[in-house]
Structure formats: C-alpha cells, structure tokens
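Look at TrEMBL and you will find A:33-107 tagged as domain 'Phosphoribosyl-AMP cyclohydrolase'. Look at TrEMBL and you will find A:Asp80, A:Asp82, A:Asp84 tagged as Mg(2+) binding site. Feature annotation from TrEMBL assigns Zn(2+) binding site to A:Cys81, A:Cys98, A:Cys105.
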Protein chains: 2
Amino acid sequence: MTQNSSWLDAITFDEQGLIPAIAQDVKTGTILMVAWMNAEALDETVATGRAVYWSRSRKRLWRKGEESGHVQIVHEIRLDCDGDVILLKVQQEGGIACHTGRTSCFFRRLDGTAGRATWTTVDPVLKDPKDIYK
Amino acid sequence: MTQNSSWLDAITFDEQGLIPAIAQDVKTGTILMVAWMNAEALDETVATGRAVYWSRSRKRLWRKGEESGHVQIVHEIRLDCDGDVILLKVQQEGGIACHTGRTSCFFRRLDGTAGRATWTTVDPVLKDPKDIYK
C-alpha cells in the first residue's frame, strides 16, 4: 500500500471488500469490460498505471494481460457519486479485452421486442483464444 | 413479465437477484451511471424502452426520471460474456443522469501520483438538485 491512502477513504467497498470497475477505451469510448477490485488492486493500479483487478474465481490479484499480454494502460481513474463504482479510461494493448478474443466483453445485443427478444452476438472474434492463452 | 422470457435465462443475477447495469450515452459514449436491475426491472425496460432500475435503498422499482423527468430512452441493450453485467445505450433526457445535477455520476477524477492522490471534481453542476427534485 502507498503511504498516504486517504483517497481510498472516499471509496465504498462492498461486504467482500470489493468495488466494480469499468474499463473504457480512452479513445473510442467503447466499454471493454467490468471486473472487480479490492483496495490492494486499486492501489497497485494507481502505482503502476496498469489495470489490476481482483479475480473472484481465483481469489488473487489479476494483473490484466499477465497471460494474454493484453495489458490495459490507465489514462484516467474516476469515481461515481456514491463512491461505489470505479471507471478506468484505458488504452487496451492488442485491442482485445475479452477472454473470447473480442475487443469488448459486451458483444451480445438484445434484439426483438418484449416477449420475443433474443441475444445476438454482434462483434467479431479478433483472435482465437487458443492463440491468446497458450 | 413478458410471455417468452428465455432471454432472461442468459443472465446471471447475484444472490439478491440483481445485476449491475451501466447507462452509456448512445451519442457521446459518456458513461452516465451504474445502477441495479432485477428481472422485473429489466423486463419492464425492454417492454417500455425506458430504463427501469431496482432501488436498493428504497427496495422498489425505480423508473429513472419519475421525479426528475430525466428519463433514459433505451436504444440498445448489451450483455457481457459472463452474463452478469448489463449495458444500456441511452438517450439521456435533460442531459442530466446524476442526482447531483451533473451529466454523469463519474465526475470525480483521481489526480496526482500514488501516495499523493486526491479526487478532483471535474464536471460542472448543470442544474441545482433543489430545482430538479421539487
């Protein structure tokens, strides 16, 4: 942890000590993904300028890109009015944030009207996940 | 609820039956706010084309704009790869999503370096909340 972490006091972590973080492409405005951070992940993100999350499944720090190389360079960090959501404006190395090999995790769009709606995959896979995670 | 709600099966609600929803301005790409939805809120959002959330504090459906007039017209709904975050692309009536009278709830930016970081309010209040919630 950094020496002066009073900026962390403005943040409302949930019962598990986590806060959701949105990663947004700083140039295009595309929302790339949402993941979780604990205080340590956020602190390391600020210190290194690279997005670090908390993996709830693996229960450890997840330095985004550690396996894929798809690092996120952090240009700006914002906090919402309730202090319970973080927004990262990032440069996405490799142009791929999603583990499916797509730019964004939000690649499914709801089509149709109420009662007949379906999810349609609308964004292309840019790289086969098998070639990302070797 | 709509008759055919199989599209809801793709969604992973949390233990409280909720999913976080990001509202993004469809034209500018600005992230306006993050709120929560239950199945009923999402279903009504799809049916009416206006953003409906679940207010965790008031424990009831929150039809965005019901008091302020700051309705969100929904242009597109997306779901992320894990099925546990919703993205709404919206037209924000009145240009104000935040209860503080600002366009976006993400009006605080982290400035400075690790150890000496502070949150700076960088976006203006467009309308006094006293004039929004009369």
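Just so you know, glycine gets a Cβ as well, placed from its N, Cα and C.
A TrEMBL annotation is a machine prediction, not a hand-curated record.
Within 10 Å of its Cβ, the residue among the binding-site residues A:Cys81, A:Cys98, A:Cys105 with the fewest other Cβ atoms is A:Cys81.
The two recorded residues, A:Asp80 (Mg(2+) binding site) and A:Cys105 (Zn(2+) binding site), have Cα atoms 22 Å apart.
Confidence in the domain 'Phosphoribosyl-AMP cyclohydrolase' (A:33-107), given as mean pLDDT, stands at 97. In this structure, the CA atom of A:Asp82 (Mg(2+) binding site) is 25 Å away from the CA atom of A:Cys105 (Zn(2+) binding site). Between the CA atoms of A:Cys105 (Zn(2+) binding site) and A:Asp84 (Mg(2+) binding site) there is a gap of 21 Å, rounded to the nearest whole number.
Sequence-distant contacts of A:Asp84 (Mg(2+) binding site), defined as residues of its own chain at least six apart whose C-beta falls under 8 angstroms from its C-beta, comprise A:Ile11, A:Thr12, A:Phe13, A:Asp14, A:Ile19, A:Pro20.
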